[in-house]
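Summarising the annotation, TrEMBL assigns active site, O-(5'-phospho-DNA)-tyrosine intermediate to Tyr123. Sequence annotations record features per position, and here TrEMBL assigns domain 'Spo11/DNA topoisomerase VI subunit A N-terminal' to 94-155. Under the heading domain 'Topoisomerase 6 subunit A/Spo11 TOPRIM', TrEMBL lists 205-372.
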Amino acid sequence: MINNIEVLINSWLRDLILWGPNMEIYITRNDMLTMTGAAAVGSGIVNLLGATGDNICLSNFNTDVFTMVEGRQAAAPSTSVMERLVYGNRSNRKRMAILLYVMAEIHDLLLRHSSCTYRELYYRNIYLPCNVWQINKAVEDVASVLGQTPWNMGVFGTGKGMIAGPLFIHMNNGDIIECNKTNTPTMIPPQFTHIDHFETTAHLVLVVEKDTIFKKLIANNIFSIMQGKLILLTARGNPDLSTRWLLSKLVNEHNLPIYMLADADPYGIEIMLTYRFGSKKYSQYAHQLATPQLKWLGIHPSDITYNLQIPQEILSEMDYRKINSVMRRNYIPEEICRELMVLQQHGFKAKLDNMSGQNFALFINDYIINKIKRQVVL
């Protein structure tokens, strides 16, 4: 990877001198779950086509997701979306400069066997006026060029996941992170690829959508009720990469059953689906980030009509649009589609945050425990 970065930087600088404002870059992305199209450009070779049309073999990069040319467009996967950058354009010129800066920083990280966060990359930049979003986008572009993930290049997001229960996380450097202090949950390490293995006596994992419910479960003695055999985890909303990666590795390493507790609304259901199937953005890395073994414990929309003592809210227009959007995805299981239809027809949603303290204690024993025992899950 280091050699590829060096070749790419040198080639860009050389061709910038040769072609000046006429230099063009085409960034091609493929959002398909199965990457296709390498044959169209020939065995992973990225081509530079100069103004004369001469074909210059650059290096063995991953052209499934990135094709770069000068002067005219090279072949690209038929399912790709292509973006054209021209050095003569001011905004494009700035973006190319940010790409070069990010590549140089990643090159330095790899040489030093180090790592950093996206935000650290932003603060290290003292030369280019840009924002965090532009740095993040440049990292994703460089990852596409190299056929790598940002985390394999040493760039990580800021972790936000929390975990508690009988678990010891063994890191590559010999450090051990103890997660068994249930009153003070442990932050999931953002540098997740540094995790070597796990040690646990747990019998199952319970993933919770929100940190408010995570804390409520701890306050209501969920660990005592489950006899200390439970690992509790939350990403505090939409799951970040470190939480998803850790969950997938933990479940696969120890073959643990895993359940998800989320609100009975379209956004809670979508978060559950992200844990189970992964996200479109990182679909090509679903084998590392998705946990298809995950079972949806609740709240199911079909449960709302029962006596759960949860205040209900009317679905908004945005909620209806989200329901329709999720139902159009071709990988959604039929039983989950049925629950989305129930939600749509009922016209109301239910959030666990709205449940009173007394009812929540009953909810743990009557709903969570019984559903796990009877395996009333989707």
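Placed from the backbone N, Cα and C atoms, the Cβ positions cover glycine too.
Automatic prediction, not curation, is the source of TrEMBL annotations.
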- Average pLDDT across the domain 'Spo11/DNA topoisomerase VI subunit A N-terminal' (94-155), rounded to a whole number: 87
- Query: How many other Cβ atoms sit within 10 Å of the Cβ of Tyr123 (active site, O-(5'-phospho-DNA)-tyrosine intermediate)?
  - Reply: 11
